[in-house]
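> The annotation active site, schiff-base intermediate with DXP is assigned in Swiss-Prot to 101. For 162, 188, 189, 210, 211, the entry in Swiss-Prot reads 1-deoxy-D-xylulose 5-phosphate binding site. The region 'Disordered' annotation in Swiss-Prot covers 247-267.
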């Protein structure tokens, strides 16, 4: 394989290209086992929607071994740039972590990110010393603008959050990947490991998955399967795919094939 192939985000080096979310799991035990099976090193948590520390019982941060994972608080549930900035600041105060997965989503039906609000919040948070990983639609112009303000990655969606519809934005993703100066992490909508493999084959640097694992019949098994899909996709990208052709091309050489008489033609 490719032992020196690593992912660098915000000055930190990772060997796994699979990020995992912590929502929707039936309990913390299943979540922990899925994280372990996935081999992930970056774990995202929704600051507005969970009890990070819960007096009298185990909270989410208590359930995570933070010596093993880079915590990535996210601003899920924030509808405006101002809300997202406020939640990011609260997350840093609560966790001591200056990483943030920036989500500004005013649309409750399709959960599509607001490009203007995202860029506005990103500029503020980068200026305050955050390592910002913004969730966006696959828009190459927006991606470059986020790079310019100092975002550590860009995270274009594959399809709507939680839909499991797979990589429906492939052509647009290619425009984001073309000339990208920061890691591109495909986020949202991936349903099965082959979706993750497809994203990595296209040149994405990593993927983030949550619902596809948490809602699987066997979340731990699916987490392991996604890890293998990511590894396969990345290995295929590095190996370089064959050129596509519009016509058939025989895999066996014609040279050296004996010229046999046509049985329909009398000798």
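Here the Cβ of each residue, glycine as well, is placed from N, Cα and C on the backbone.
Source: prediction; values computed, not measured.
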> To the nearest whole angstrom, state the Cα distance for the pair residue 188 (1-deoxy-D-xylulose 5-phosphate binding site) and residue 101 (active site, schiff-base intermediate with DXP).
13
> Have a look at the binding-site residues (210, 211) and report the one with the fewest Cβ neighbours inside 10 Å.
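Taking 210, 211 as the binding-site residues, the minimal 10 Å Cβ count falls on 211.
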> Does DSSP put residue 188 (1-deoxy-D-xylulose 5-phosphate binding site) in a helix, in a strand, or in coil?
coil
> Give me the count of other Cβ atoms within 10 A of the Cβ belonging to residue 189 (1-deoxy-D-xylulose 5-phosphate binding site).
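Other Cβ atoms within 10 Å of residue 189 (1-deoxy-D-xylulose 5-phosphate binding site): 22.
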> If you skip the near sequence neighbours and keep only those at least six away, which residues in the chain come within under 8 angstroms of the residue listed as 'active site, schiff-base intermediate with DXP', Cβ to Cβ?
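Once residues fewer than 6 apart are set aside, the residue listed as 'active site, schiff-base intermediate with DXP' is near 44, 72, 73, 74, 75, 133, 134, 135, 155.
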> If you skip the near sequence neighbours and keep only those at least six away, which residues in the chain come within under 8 angstroms of residue 162 (1-deoxy-D-xylulose 5-phosphate binding site), Cβ to Cβ?
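When sequence neighbours closer than 6 are ignored, residue 162 (1-deoxy-D-xylulose 5-phosphate binding site) has 111, 188, 189, 210, 211 within Cβ distance under 8 Å.
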> Largest pairwise Cα distance, Å, within the listed 1-deoxy-D-xylulose 5-phosphate binders 162, 188, 189, 210, 211?
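Among the residues the record ties to 1-deoxy-D-xylulose 5-phosphate, max Cα distance equals 9 Å.
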